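Take a look at the structure below.
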Amino acid sequence: MGNSCRGSFKDKLDEGDNNKPEDYSKTSTTNLSSNSDHSPNAADIIAQEFSKDNNSNNNSKDPALVIPLREPIMRRNPDNQAYYVLGHKTPNIRDIYTLSRKLGQGQFGTTYLCTEIASGVDYACKSISKRKLISKEDVEDVRREIQIMHHLAGHGSIVTIKGAYEDSLYVHIVMELCAGGELFDRIIQRGHYSERKAAELTKIIVGVVEACHSLGVMHRDLKPENFLLVNKDDDFSLKAIDFGLSVFFKPGQIFTDVVGSPYYVAPEVLLKRYGPEADVWTAGVILYILLSGVPPFWAETQQGIFDAVLKGYIDFESDPWPVISDSAKDLIRRMLSSKPAERLTAHEVLRHPWICENGVAPDRALDPAVLSRLKQFSAMNKLKKMALKVIAESLSEEEIAGLREMFQAMDTDNSGAITFDELKAGLRKYGSTLKDTEIHDLMDAADVDNSGTIDYSEFIAATIHLNKLEREEHLVAAFQYFDKDGSGFITIDELQQACVEHGMADVFLEDIIKEVDQNNDGKIDYGEFVEMMQKGNAGVGRRTMRNSLNISMRDA
C-alpha cells in the first residue's frame, strides 16, 4: 500500500478499492483535549477522551464542535457554496492530476493514487472533506499540516509535498508516492528485526525527529503506521508521513493538549505538560517494538495502557530480551526515561554507541538544517540572491509559515530585522555550535543589501529550501522581474536597476553577467538564468561572493 491516512495500531487500512467514497474526510489520529485540570483520576479522564471518537451520535455534546468559525479562515466564494480553507483560491486539481484507485482509508480520510497529466508521474493525493472541518481548530490543523510539510521539504526521510489544492468540497494534498507499504506491515510479518537492522531503522526514525526538532517542529504522532517504504524491496527506504498533529514550537515552550496514539503517548503528554522530548519517548517505543514485536506498555484497555505508561515499568525479562544486547536495552531505558529532562535528545540518541556501532551513525554534531541552507546561500552570487528574494516574496503563506515562525523567534525586539546578536542567540537556541566568525560569515551572506541586519525577505530567501526553485512559475516570474522591457534578456542596465531597487551598492555587475552569460553576448537569456538558479551552489558565485565579503570587511 502507498501513502495512507492514519489508522490505529491494530486496525489496518483498506486497500485495493477502486471506488471513490462519496465523502472524504480529514485525516486525524485521536486528538485529545480537556478543559479540566489534571487530577489523580487522570487515566480515567484520558481514556474517556480517547473513546469520544467512538460515539458518533454525541457530537452535540462535544464543546469543541460548536466553536464559531473565524470569518478570515472560512471565506465564502462568490457562489456562496464553499469557503477557502487554504485562505486563497487554487487551481482545479483535476486540470493537473488524474485521481484513480484508493490507496488507503483512515478513520477520517482517504488517499488516492494520482497521476500528473503533463508528466505521467504518479503521486499520492490525500483528500480531506471540508464538511468534516467543524471547528476553527480543524481548519487550522489542515493549514498547519500543509505549512509544516513545506517547512520540512527536502529531508531524505520525510515525504515531499507536491502541492495543495482546494475545491468546493475538499482539500487535496498531493505528495510523493511511497509504494512499498508500511513499516507496520514489516513488523507484523517478521515479528522483530535483527539488532543491526533495528539500529539502522532507528537511525532513520530518530533522524527524522532530529530534523523536525532542529527546524522547530514537534511531530506528536510518530508510530510505525506513519512510516512508509518508497520501495517494497528496500527495508530502509523509509519516509515519515502524516504531520496532521504536528506543531511549530519555540525552545522552552510547554504544550498542554493531549494528542497522539495510546501505545506511543509519553507520560508527560498524559500529564498535560510536555515539549519535544515526547517525540523521543515515542521513538523509544517504536525501537522496543522493532526488537520484540510488542509495545512496552501493554494492557487490554486504554485506561490500562495509560496506567502502564505512567508507571513506566519496562519489561526486559520476557523473550527475546535475555538475548538482546545490553547496549540496546541501555538506549531504550534512556529514551523511555519517565523524566523528560533526563531523557536523551534526538541528537544524543544518534550518538549512542548502539546506533553508532560499525559506523551506522556518525558521532559528530549536526547543525540544524537551516544552517546548511544559510551556508549554501553564502556561495551564491548577488543575482541569484535577488532572484531568491523575488521568489520568496511570491511564495504562499503555507510554504513559508515555518520560516516565519523562526524569524519571529529570533527577532526578539520585533524590529522586523535580525541583528548579529539576535542571530547568534537564535542559532544557539536551535542547537548551533557555530563560532562567532562563522555566524558573521552567515550574516554577511544573508544581508544582501549590506544594511548590517537581516530583514524578513532576506531571511526567507536565505533559508527557503532550494527545491522551491524547481517550480517553473517561480523561475518565470523571477526572470520577468529583472527583464523590465520584456525583451527576453537581462541586460546590465536592467541588473543595475534591480540593484537599486534592492538597495544594493558596490555590486560588480560585469562579474555577475560573466558568471551567468554562457554564450558571451553580454546579457542573460532565460535558459542561462534557469541554469544559474538550478546549478549546484558549490561552484556558483564564488568570485562575486569573495568580492562582496571583501567589500563588507572594508566597510567595517
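Cβ coordinates come from backbone N, Cα and C, glycine included.
According to Swiss-Prot, D411, D413, S415 bind Ca(2+) 1; the candidate from E405, E422 that the record adds to this site is E422. Going by what Swiss-Prot states, the Ca(2+) 3 site holds D483, D485, S487, and the candidate of E473, E494 recorded there is E494. Swiss-Prot assigns the feature region 'Autoinhibitory domain' to one of the listed ranges (268-298, 361-391), namely 361-391.
For the Ca(2+) 2 site, the Cβ centre of D447, D449, S451, T453, E458 serves as reference, and the other residues of the chain with Cβ at most 8 Å from it are A417, A446, V448, N450, G452, I454, D455.
When the binding-site residues D447, D449, E458 are compared by the number of other CB atoms within 10 angstroms of each CB, D449 has the fewest. Break the domain 'EF-hand 1' (398-433) down by DSSP state and the numbers are 23 helix, 2 strand, 11 coil. When each of the binding-site residues S451, T453 is scored by how many other Cβ atoms sit within 10 Å of its Cβ, S451 comes out lowest.
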